[in-house]
Amino acid sequence: MSSTLHSVFFTLKVSILLGSLLGLCLGLEFMGLPNQWARYLRWDASTRSDLSFQFKTNVSTGLLLYLDDGGVCDFLCLSLVDGRVQLRFSMDCAETAVLSNKQVNDSSWHFLMVSRDRLRTVLMLDGEGQSGELQPQRPYMDVVSDLFLGGVPTDIRPSALTLDGVQAMPGFKGLILDLKYGNSEPRLLGSRGVQMDAEGPCGERPCENGGICFLLDGHPTCDCSTTGYGGKLCSEDVSQDPGLSHLMMSEQAREENVATFRGSEYLCYDLSQNPIQSSSDEITLSFKTWQRNGLILHTGKSADYVNLALKDGAVSLVINLGSGAFEAIVEPVNGKFNDNAWHDVKVTRNLRQVTISVDGILTTTGYTQEDYTMLGSDDFFYVGGSPSTADLPGSPVSNNFMGCLKEVVYKNNDIRLELSRLARIADTKMKIYGEVVFKCENVATLDPINFETPEAYISLPKWNTKRMGSISFDFRTTEPNGLILFTHGKPQERKDARSQKNTKVDFFAVELLDGNLYLLLDMGSGTIKVKATQKKANDGEWYHVDIQRDGRSGTISVNSRRTPFTASGESEILDLEGDMYLGGLPENRAGLILPTELWTAMLNYGYVGCIRDLFIDGRSKNIRQLAEMQNAAGVKSSCSRMSAKQCDSYPCKNNAVCKDGWNRFICDCTGTGYWGRTCEREASILSYDGSMYMKIIMPMVMHTEAEDVSFRFMSQRAYGLLVATTSRDSADTLRLELDGGRVKLMVNLDCIRINCNSSKGPETLYAGQKLNDNEWHTVRVVRRGKSLKLTVDDDVAEGTMVGDHTRLEFHNIETGIMTEKRYISVVPSSFIGHLQSLMFNGLLYIDLCKNGDIDYCELKARFGLRNIIADPVTFKTKSSYLSLATLQAYTSMHLFFQFKTTSPDGFILFNSGDGNDFIAVELVKGYIHYVFDLGNGPNVIKGNSDRPLNDNQWHNVVITRDNSNTHSLKVDTKVVTQVINGAKNLDLKGDLYMAGLAQGMYSNLPKLVASRDGFQGCLASVDLNGRLPDLINDALHRSGQIERGCEGPSTTCQEDSCANQGVCMQQWEGFTCDCSMTSYSGNQCNDPGATYIFGKSGGLILYTWPANDRPSTRSDRLAVGFSTTVKDGILVRIDSAPGLGDFLQLHIEQGKIGVVFNIGTVDISIKEERTPVNDGKYHVVRFTRNGGNATLQVDNWPVNEHYPTGRQLTIFNTQAQIAIGGKDKGRLFQGQLSGLYYDGLKVLNMAAENNPNIKINGSVRLVGEVPSILGTTQTTSMPPEMSTTVMETTTTMATTTTRKNRSTASIQPTSDDLVSSAECSSDDEDFVECEPSTTGGELVIPLLVEDPLATPPIATRAPSITLPPTFRPLLTIIETTKDSLSMTSEAGLPCLSDQGSDGCDDDGLVISGYGSGETFDSNLPPTDDEDFYTTFSLVTDKSLSTSIFEGGYKAHAPKWESKDFRPNKVSETSRTTTTSLSPELIRFTASSSSGMVPKLPAGKMNNRDLKPQPDIVLLPLPTAYELDSTKLKSPLITSPMFRNVPTANPTEPGIRRVPGASEVIRESSSTTGMVVGIVAAAALCILILLYAMYKYRNRDEGSYQVDETRNYISNSAQSNGTLMKEKQQSSKSGHKKQKNKDREYYV
């Protein structure tokens, strides 16, 4: 079949082979034998491709070539018919044939090419073409088979061949050479009856002087480029060739007509006055460049043009005379023409014959189409580029030339245009655009850039394209996915099918997905997605991409393979705004609207690989320079491929899978429980108890068509929600849940709601078996449009969604519990278990939430691998039970519960049924029995635990029955399985009884059921075949004592009574746990403390003490839990009042935790040097200070101790504020802080309760709910808030001596000392004169204050607390004056007592001298390393009351009675109140075993027969009870079984003591009641004061003055209910005058 060729695109490629093989031109010789064949690798002729070879024969029939689709419809066959070549082919069962006009059986060489272009196939024979065209349903040919030359093997089944009789066709006889697919040589797979060493025309070696022979149009041609000779056989000297005379021109003349182009410049000669009309033309020029692609010369338009360009380093010529394009490409033997060396090009045309030669040697000759011979052009002659190169007709490239051009000359029969010279002399018809330099300068190469990480990207300026535009670039990578280019336009509100506003934008993008290149375009009417490659392009080779658009239509070319596209709608304008992103997207995408169809963006796939030669609208972009200017992270200005595989060094840790990427290794951490570049960082774990969840609230509604989801989970339940996406506006969801021990994936795209035509409801997949085994399991979900893949461990399930709708909408990602339930008919069961490494589309959400990297995380689950006890219920007696609705377990069953008991026997679960069916679970002699009857008689399965389970520990029980009637009982880790034959269904009726039965039911139980009593103990986490009942609220009937929670029967301190190093403290009828230094809270210190997450932008929590209530301390305790990944940051800092400079700071430096503090001398620091703590794990740090001594401990690591040398001050003066987060100091902390405790203040709890003294700013977010501060009764373990603290208030004496001369041998107390600083602007330890606002004596009162909300100190076992020997007869010595006794009346303070204002006259100040267990020796000198101060232990059974009565004090003298010294009794305490500002002081009587009181050093007790214990403190009565005035009780002091909390010793040079545990917290509370005998007490008080005045009136050691504005204790109410006591203000007056009224007071 012969037809006229219109617009046939013929490409003739000259490829020079290397070495001796080329010189010999070896080929295949076919003998024409039966069953002869040569088999080559499949030729992809599906859409666009070329195949060529040369042959010689003398026969008229024979099969040349054959391929097909495996016996269906499509085939292509070349054969000889009557001496001519016939092309016969079929597509989609539509067949045609083409027959050449030329005879070929003439024993001459012939060149044959088959060119495929979708519906058209062209047969080219010796430059003449015949085409055949089909109009099938599909525009491509399906090729399955390999390619056969010379014949088809007879062993192939005829049914597998599409063309009937092809095997019977006679074989080809002759020679075939140089078979190529495009430019590449295919691989020979095998042959039969073929001689492989046939010589071609080059076998005679016709080329002289080392020239290389190759075939051109069937004739041998010589390549003389490397010989220095010319001519047809390389036999002529080049200097004698007149055709090359221009090479002999002087260098000066050559340089005169040369110009440099840099990509934006070009020359334009106007032909409108003198149009070209010629039948023969000649173009000559020389070029020099580093550039691979660029326009050299162009003239003409429409279908009449000449285009000369550099394409991928080869010279390309395209000529169209009106009947179709002729293209010739000339390539060098070695390398490319873009080698920055001069190359000469000569193009000649004579009528239809076209010849192009490069460097006078490489020559290609061809013919234009049809009979058109005239070239006409009245347009422009472009040199070096054009305004829009991509839009020029026939242009194979889209960018301008970069390099040097010289002596560009066009001539025909009529004119000669020396274009370079005309530009140089500025001819009027020649326009010069850009800065063209008329000499050859070096043009900087467009260096490639390498994106080394997926996060790397650079920003390009806005692409100003409206109706047309072009982009070209080269890329190279080995990774399959990555976003290469993206830009979009202005958001526009449009209504979608849901009749809702939807933000749409015009956008343009190029992405690499699964190794294929895609173009995405939306011009306002919908997105098109064009696949531009037929094979994967991530093989590490360079690929050239050229995109050209004109209105709605355009093409994308990859390595010259073009794919056309047409945008949707009618608009021809692409409206873009903002930057264009190359290589990826920025981390902050707030201003970006990402299209749903752009999967790489939604999946967070950044491009990793190289990009070079980026041209936009023909103009180059120096992307290397842009990357340097933007300081782009992860972008390198070079491109080289590492030869060694990166995974050979096994870089991935923790059994992660290593994959080789582009010059990097990729560690797949899925399933390892770790994350990071090498999977070195442990991923955070969330624990769920059925009431907990984590909800990620997306900042905006998300729409995706592709998702990657992975996580690990561990659970003992067979049911429960794992992860789900939910929408507020639709039923769209991607949900993963446990369903009967399997993972169920359900995807619902709500197709019905948006009026889709085809929908079958949610798509469901299942994978995995028996996953409720309390082991880690890994889940992965991959969705790409309609394709679904679910993988659980190694079990894979795949599916395809039905319908055209692929978009998933969601507002939230939820775990544990589904809170968005509006569009859900059946709510999934809550999850009980652990979740880790949740990654959704590249984001690790659990760790992002924990570290504060995201602000839209709602967290109720708890971090850490915790022992989960969900919704526990206590059955306090064996007669207690409850009933629930019938257990639904007809075909299968999954039961789970936890129990804890000390009883060996008891009913746990029972449900009777129809007939004999029943199920029972019981505890028999400490072992679980599972008893059941399905109708075949009762069976029992007994648990095989290693020991009885009534050990007061929690145990897990799982009972399952599957469809095959296999029953299994798992107790903790032990499993027993039994297969039951016969009936398979369990038909239950009536109530399900839990923990027991009604009394009358025990006598009617089936046999094999042993229990005759109920269960006494705790049940938790009860799961009844997927249903999580609330045992209390869902009960149909309850009987006996059933309580929520599980306190357990233990009322004494055990080793495990308090978790997380909490301190167990024995109480009267129970125990409490001191959680102060643990960062935890709750009854047993196993609940998280108040937790705040500090974001990356920094935050600050600032607590400020009231101005009149600023403490000063000699010792401090600080504890906090944290997790972070920062290397530097301040966690907590406490500062003194302005001007003092004292501070204490907890910080992380170089990843290690440390504390630095200054209390008046130099900075003292202590640091944990061994291990960094910025590993993202949860750590608890504990710090104690006693004077200059300090301890620091992290978790259970060894304690760091620091004892500074030399003289050290000890008091931390006038503490003013606590700053948490480091933002105020510029050292930001990012991460989680939990349970902060400092000297009695739980600052984070106070912040969560909106304490008015706390301010919060910056990125700070509270996690979950604030732990309850309400206590329980004393008979059970109590929370740490219901505790008592000991406060000892001392003031320092000002003396006339200097500090250097003072003695350092003073006695130090071991308790924390809170020192009233009286707001002095100087250090309390520096004897600088400080004048208070008033004068007078100052009281020094050791106080024991009952604090209802502070944490108790440690209780220890010790002998009786003894009294100081010097104060047995009468312990109270008070000196005062009449003036000082009138303080109360002068203050005029209001009354806020419990009784109201009427009871104020009878309120009093209750004073107790019972301190922290220290003794006082009167023989010791009254000296201290800073001040003279004394503390006395004093117990009174009367109270010293002060009230407004006749302008003075009423005082009750204390007295001692022998009944006060009884063991296990507490002395009577009277409660009175002076005003609302008075503290309640409760004193206790120490028990004594002897009447003698030995002398003991301060802070020590006589414990010779005891093991070392922490410091002795006294436990007060709880404030929740009224004191019985008729009974005397002594404090209970026990020895708890716990690890000591490290505590710094007092500052004492040269002595190191075992750290104790003590704290000082100052609180106040109101007192009630009236003191009897006011008058007698006042009289006694006056006598004592007079005696004291007489004895001490002549002392010259300085005096204390009473500041009447501050000597009352204020009750400043706090938001959390505690009362803060105002400090007493002191004055240091080392040089003050002595006045007679100055007195000293010791109480």
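Here the Cβ of each residue, glycine as well, is placed from N, Cα and C on the backbone.
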### Task
Look at the Ca(2+) 3 binding annotation in Swiss-Prot, where I1159, I1211, N1213 are given, and name the residue from D1135, D1142, D1239 listed for that site too.
D1142
#### Entry: Among L745, L749, L790 - the residue Swiss-Prot places in the same Ca(2+) 2 site as D732, R807
L749
### Query
In Swiss-Prot, the residues D304, M374 are said to bind Ca(2+) 1. Which of L285, L321, L392, L405 is said to bind at that same site?
L321
### Task
Name the cysteine that pairs with C207 in a disulphide bond per Swiss-Prot, restricting the answer to C222, C224.
C222
#### Entry: Rounded inter-Cα distance in Å - C669 (disulfide bond), L749 (Ca(2+) 2 binding site)
30
### Query
Taking the domain 'Laminin G-like 4' (685-857) as the reference, which of 28-202, 871-1046, 1090-1260 gives the largest number of Cβ pairs under 8 angstroms?
871-1046
### Cβ contacts under 8 Å made by the domain 'EGF-like 2' (643-680) with residues that lie 6+ beyond its boundaries
450, 452-453, 477-479, 540, 608-610, 710, 712, 776, 778, 780, 793, 836-837, 839, 844, 847
### Task
Using C-alpha positions only, work out which of the disulfide-bonded residues C222, C639, C679 is nearest to D732 (Ca(2+) 2 binding site).
C679
### Query
Given C222 (disulfide bond) and C1058 (disulfide bond), what distance in Å do their CA atoms have, once rounded to a whole number?
94
### Query
With DSSP helix as H/G/I and strand as E/B, how many residues of the domain 'EGF-like 2' (643-680) fall in helix, strand and coil?
4 helix, 10 strand, 24 coil
### Query
Within 10 angstroms of the C-beta of L749 (Ca(2+) 2 binding site), what count of other C-beta atoms is obtained when all protein chains are considered?
26
### Summary
Same-chain residues at least 6 apart in sequence with Cβ under 8 Å of the Cβ of C610 (disulfide bond), in sequence order, are P448, I449, N450, F451, D474, F475, R476, T477, C639, W662
### Query
In the structure shown, with every protein chain counted, which of the disulfide-bonded residues C440, C669, C1058, C1064 has the densest set of Cβ atoms within 10 angstroms of its Cβ?
C1058
### Query
Of the recorded positions listed here (C213, C652, C1053, N1257), which is spatially closest to D1142 (Ca(2+) 3 binding site) when Cα positions are compared?
N1257
### Query
Can you tell me how far the Cα of C679 (disulfide bond) sits from the Cα of C224 (disulfide bond), in Å?
59
### Query
So what's the average pLDDT for the domain 'EGF-like 2' (643-680)?
92
